[in-house]
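**Q** Pasting a structure here, questions to come.
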Amino acid sequence: MIYLKRLLLLLIVFPLLSGCWDQNLIVDQEVMNGISFDLKDDKVKSTIVVLNIIPKGSGVFDFNNQITSATGHSLEETTEELRMYYTGPLTASKSRIVLFGEDFAKKDLESYLDLIYRVPDPYLGSKVAIVEGVEASKLFSLEEIGTDPIAFGLYEIIDAAEKNSTIPKGTLNTLFTFFNEKGKDFILPILKQKGENIMVSGAGLISENAYSGESIPLNDCPLLLLLMDDYGHLVNLNSYIDKKKKLNNQVSYKITKVKRKMKVNETPHKKPEVDLKLNLEVSLTQYPGTEKLTTKRIKELEKVITKDLNKRSKKIITATQKANSDVLGIGRTIKETDPSAWQSYDWRTTYPHIEIKTAVDVKIVNTGTIK
Amino acid sequence: MLTNKNLFFLIIQAQIGIGILTLPYVLYNKVQQDAWISLLIAGALSQVVIVILVSLSKVSLKENLYELSSKLLGRFLGNALNICYVLYFITYSMLLLFLVSDVIITWILHRTPQWAIILLILLAASYIAKEHLLTISKSFLVFSLLFAFLIVTIFFVYVQDVHFGRLLPFASKEPLQIVSSSPQAFVSLIGFELILFIMPFIKKPAESLKVLSIANGFTLSLYLFLLITCIVYFSADQFKLVNEPLLYMLRGLSFKYIERIDIIFLSFWIIPITTSLVTQLFTASLGVQNLFSIGRSKSVYIIVGVLFILGMLPISNFIKESLSSLMTYLNIIFIFFIPTLLLIIAKLKVYKG
């Protein structure tokens, strides 16, 4: 009798445990790996890459990208059309990369991307980038980067640039945080197609959640990240030894220690003044000379590098002010330390005109494995 | 008989539950970066309430509140109060079920009907709640091991972009505003009212105050840690948008082999939520047992049946919201005001007699 009871119980329990309503088998789903948005004739053009993996036996796989586009007035409208191209339900739960065309990036991104944050399905660890020069969807048609499928390759390219301190760490998730942060703007990587290859070509300055059109060139990016206090594992910089830009005339160095101090001073005429001090300890990685580096020569080099970095940081700050992109988070610092002053500013109109003094100081602590 | 260790795990599992999923959102919308001060005040408040509850249950060590109330208030009034308490526990459980099933539907099981989720949770909860108190506390001890894993998961958030400046400016809101939002936080800390009903089962009643205070301290520090993590993680306006900050925070985390930590976290967090339900079922069934003199495990099944039928009712979001705001007041009345009143009556009786 007791066995019969248990058997009956099991029969009731089994259908309950299998979760029949919400089964989403990965084999049935069409997983989009890459998504791009462009603006075309006042409409959004969404392009997606769905990766089909074709097993070829004995652990070897081949892959095939299915790329489709749709246009519409909103993201959801385009998704509805895109669904019609695929053999199963579309899901963004494993997307690797989200690309914005230049025109699309100049719109208020937060309001366009609302869908991604509202629905619990999309994966927020995707990397985000702006594509310059060509339509964002064009990049997908390259099919692969090296041996990686395109979407994975783009992810890796951006990941590598983050490690090299060209751009700060960023995903769709951090973007959502930045969108809603008052008094601080952010940076997005800019991708460029060169022949059959794709490269990160700089850092795009974002102002009011839209791309300002201004960008910081590649060789100044690490310095910008140092100023922002948001750098990665490796920070490498170059400077010309004397003023002439000639062949083999650059000293290169790796930053080993950073001390950054930002101070916001109130002035009576409602315009804050900012003092940004950056103390760097560097280790030489390249010196175009055959002589042994003497203490005196090192002191001279320190002076050269310090002067160069000071000049360049001034240029960077001017660029951010021109783009009205407060990437240093000066507004946020004021908001946190002096809330009443923050209330009195209209930060968007104030930021381009405030005075930001940068002072970089460089000390060479190491000359590498040779003197 | 319950040892101190058993009591500790009973109380923390009763305290920790669904409250923390939405608490950061609720508090932040009221007092922004000073939310943690409100929570601290609520923690102090619950410590005061614990002192009151323990001294009330020490009035008679051999009786639980249902027996004590008729003794203090007379048969009629005492029974009326007992009915109120049972109804309160049932309402509380119902709200808890609605909230947890809503969260599960929005985050994981989009197409599963609500009644199915409610049924599954009720089945699991009643399975534990019908057992003897010692068995319940031992199973709670096993479940508590999960907290270690969940707290470690939260630490990974700090690898991401957190900004400690978001805690500034310090204490800039009106003190009155900070204090007035602490009842909201207090509600998420309750669960220690269990002591009123389990005093007869405790081995060393004299040490119960100490154990309860430690348990409250543990819950409070866990909640503070989670709340502060949310504050430093979300930017100001973003925080005002997300309903369940704790889950949203984990949504962006990714590791090489595991993604979507939020869903894993929620699947595990259902356990502390269910244990809160178990304690509610336990106290309610004790009341039913006392009122109608039927066996306790049978009363658990009766209550579960009632809850399941209530769970099938088509209840709109508006009703749910007004129910949750009503619940805030009910919690304070049933956990703070009535016990205080009873304590005063008991002291007066001792004084007279």
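Heads up, the Cβ atoms here are built off N, Cα and C, so glycines get one too.
Pasting the feature list from TrEMBL:
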- B:7-29: transmembrane segment (TRANSMEM)
- B:35-56: transmembrane segment (TRANSMEM)
- B:76-100: transmembrane segment (TRANSMEM)
- B:112-128: transmembrane segment (TRANSMEM)
- B:140-159: transmembrane segment (TRANSMEM)
- B:185-202: transmembrane segment (TRANSMEM)
- B:214-236: transmembrane segment (TRANSMEM)
- B:263-288: transmembrane segment (TRANSMEM)
- B:300-320: transmembrane segment (TRANSMEM)
- B:326-346: transmembrane segment (TRANSMEM)
**Q** As a test: from B:76-100, B:112-128, B:263-288, B:300-320, B:326-346, pick the stretch that has the greatest number of Cβ pairs under 8 Å with the transmembrane segment (B:185-202).
**A** B:326-346
**Q** Are there residues at least six beyond either end of the transmembrane segment (B:35-56) with Cβ under 8 Å to its Cβ atoms? List them, or say none.
**A** 23-24, 27-28, 65, 68, 167, 171, 178-179, 181-186, 188-190, 192-193, 195-196, 208-209, 212-213, 216-217, 220, 223-224, 227-228, 231, 335-336, 339-340, 342-343, 346
**Q** Have the transmembrane segment (B:140-159) and the transmembrane segment (B:263-288) got at least three CB pairs under 8 Å, pairs 6 or more apart in sequence?
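**A** Stretch pair touches.
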**Q** State the residues, same chain only, that lie 6 or more residues beyond the ends of the transmembrane segment (B:214-236) and have a CB under 8 A from a CB inside it; answer 'none' if no residue qualifies.
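**A** The answer is 7-8, 11-12, 15-16, 20, 23-24, 27-28, 32-33, 35-36, 39-40, 43, 46-47, 50, 147, 151, 154, 157-158, 160, 162-164, 166-167, 185, 188-189, 191-192, 242, 245-246, 248-249.
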**Q** May I ask which of the stretches B:7-29, B:76-100, B:112-128, B:263-288, B:300-320 has the most CB pairs under 8 A with the transmembrane segment (B:326-346)?
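**A** Out of the listed stretches, B:76-100 contacts the transmembrane segment (B:326-346) most.
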**Q** Applying the under-8 angstroms CB criterion, which one of B:7-29, B:112-128, B:263-288 scores highest with the transmembrane segment (B:76-100)?
**A** B:263-288
